[in-house]
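Peer 1: The structure under discussion is supplied below as structure tokens; questions concerning it will follow.
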Amino acid sequence: MRRLLVLVAALTLTACGQAPATQETDSAEAPQPGFPVTVENCGRTLTFDRPPAKVVTGYHPSLETLLALGLGDRIAGRTNFSESAFLPGQKEPYDKIPEISPTIMLPQKEVMLAQGADFVLDNAMNSFDAGGGYATVEELDAAGSPVYILGGWCSPQEMLEFTLEDTFTDLHNLGKIFGVPDRAGKLVAELRGRLDDVRKRVAGRTPVKVLATDGGRGPVNAYGGAGITHQMIAAAGGVNVLADVKGDYTEVSVEQISAAQPDAILVSEYATLRGETTPTVQAKTADALAIARNSPAAKAKRVLPVPVSAQHPGYRNLLAITDIARFLHPDAFTS
Amino acid sequence: MTSETRQEQAPAGVASAGSPRRRGRRFAALVVALAVAVVAATWLAVSIGAVHVALPQAWGIVADRLVPGLVPRTWTPVQAQIVWEFRLPRALLALLVGAGLAVVGAVLQALVRNPLADPFLLGVSSGASFGAVLVLILGASTLGGLTLSGAAFAGSLLALGLVYTLAQRSGRLTPSRLVLAGVALAYLFQALYSFVLQQAQSGRAAQQVLFWLMGSLGGARWHMLPLPAVVLVGGLVYLLLQHRRLNALAAGEETAVSLGVNVHGLRITLFVLTSLLVGVLVATSGAIAFVGLIVPHAARLLVGADHRRVLPVTALLGAAFLQLVDVAARTVNAPQELALSIVTALFGVPFFLWLLRRRSVDRAVTVA
């Protein structure tokens, strides 16, 4: 039954998909200086004979990262993004790029392979699961569409090992792949500067106890002491009240949340279905405040919604650390 | 729903050897022992949890709520919240859900005369799961403000209506038709919620749904207790009053008819009653597997097949079992929680296998 539904969904998507892209004909171009280049990603070695010119991006942070590198003109197809606000100046280039999937996931296998992409960039493995009807990394590789996963989010275990440094590695790698190492170096320097600024401002201030949650009345969905959200809290001058909990995104007992006594709460913001924004942030906030009723955070109603796209590896993730630091230490940003 | 109040003199089912008085005394001792076990398990459930609250404090909080000022207040508001708002209602809900699922399992095994019957056989829990998944993925506002448990209950009622329509023919329900309609609709609802789940954009939302589908009492609050309590107590009293007819039904349709039982009316009543009970329970706790399958068998191994004894023993065993399972679910991996279906299987299966090997079970497992 499940298999049948997948088939029906795949057929529907294929039927209403775009016309198959025409194959590149000018593949016998002269090699560009500095190429071929190789990068390591998810235990695979990717080789590029020339900079990709027909890129497909997966979940939105991958598009944001390429736009930040000024590579919008290389992108031939993108997924939909309507779960939270765009980064400043990114709505316009987004609108110009053809949308190949109405969701945050890549299109189904046949549509995806028909794109004829020469590079695929995404944040995690969800859109490459054969069981979900998607083209796998191997299939795309074989079709000449090498896949790069940001932040080393290649498996659940590797997601726990993420550090902010991984994003800088990604930016350098993308600079190499697209033949724009200087641009990448400049962006890395700028972002490092922002992080250093945050670090200087929050240095010497008492870390704020932070609960990062995704709602739930019991058990509560929250972020434990490993992974990207934990790293963000630490970098922004906070301390994760669930640091002792193993795991990144996990289910935590209401007792633990009640006893955690956070000073501030971060709530994940995202849409669950077809970009329809559900009033989940408000509901999740209400749940968290009710359970952590006796905490300083609840008494002061100190809550910051965080777009879940910022809790994925990429450009926005590093920007969000400044936002969280401002929220946790407003006094540090007055000068 | 037909209600037949006429008293029939049916034989008291298959019973074990020994004089009636001795059997009665043994049964009374067993019930007392199980009741003690239920109280002990509940005491344990309130005493321990993800956050340590010392015993005098934990029980001081409970005592203070029942009789304000009885004991000096030596606890923090957080400890009071943990024990009174989270642990105690959760422990009581565990008793209700455990007892309810087990009793439903026992009744369904008799109703469809199949030892494999469990509360999820008739498609009702899949309907409830479908409702819950809709709320978790689409959000409450899309469904006219229905809460998670409200949508789950609505889903179970929908499934109940569909199964009933499919399974009955001119007012007659046959076990085979009931099982087939239930299983078919269970697949339909599974397909529907898998579809919604697959449309979900966020892996996080899917993870929340998965946890709910595997059963959890983590969301228990006081306001969730009255409905399951009323339905369970009412259902149990009714079933105990009907124990002779249940025995006759379990012995076979011919036997039941020859004893003057309105088989069709009874089947419909039992179907609606058990479906309602499952709907209410699944709406509060998600689909907890295995309790409804093994506990009735364990009860029959202890007291034979007479429903007058099977039903109370099943209820007590189910309550104690789920209480212990829930204690394990929230302490083994604390402060993270395990879904209950994982624990019911991990702890329940070895216990059940031991029970199966320990005694000659063929008689008990064949239900009648």
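Cβ coordinates come from backbone N, Cα and C, glycine included.
What TrEMBL lists as transmembrane segment is B:27-55, B:91-112, B:119-140, B:146-166, B:178-200, B:220-241, B:276-298, B:338-356.
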Peer 1: Counting a contact as 3 or more Cβ pairs under 8 Å, with residues at least 6 apart in sequence, do the transmembrane segment (B:178-200) and the transmembrane segment (B:119-140) touch?
Peer 2: yes
Peer 1: Okay, the transmembrane segment (B:276-298) and the transmembrane segment (B:146-166): do they have at least three CB pairs under 8 Å, pairs separated by 6 or more?
Peer 2: yes
Peer 1: Short question: most Cβ pairs under 8 Å with the transmembrane segment (B:119-140), which of B:91-112, B:220-241, B:276-298?
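Peer 2: Against the transmembrane segment (B:119-140), the leading stretch is B:276-298.
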Peer 1: Sort out the residues at least 6 away from either end of the transmembrane segment (B:276-298), same chain, that have Cβ-Cβ distances under 8 Å to it, and list them.
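Peer 2: 93, 96-98, 100-106, 108-109, 115-120, 122, 124-125, 127-129, 131-132, 148-150, 152-153, 156-157, 160, 211-217, 220, 224, 227-228, 231-232, 235, 310, 314, 317-318, 321-322, 325, 339-341, 344-345, 348-349, 351-352, 355, 361, 364-365.
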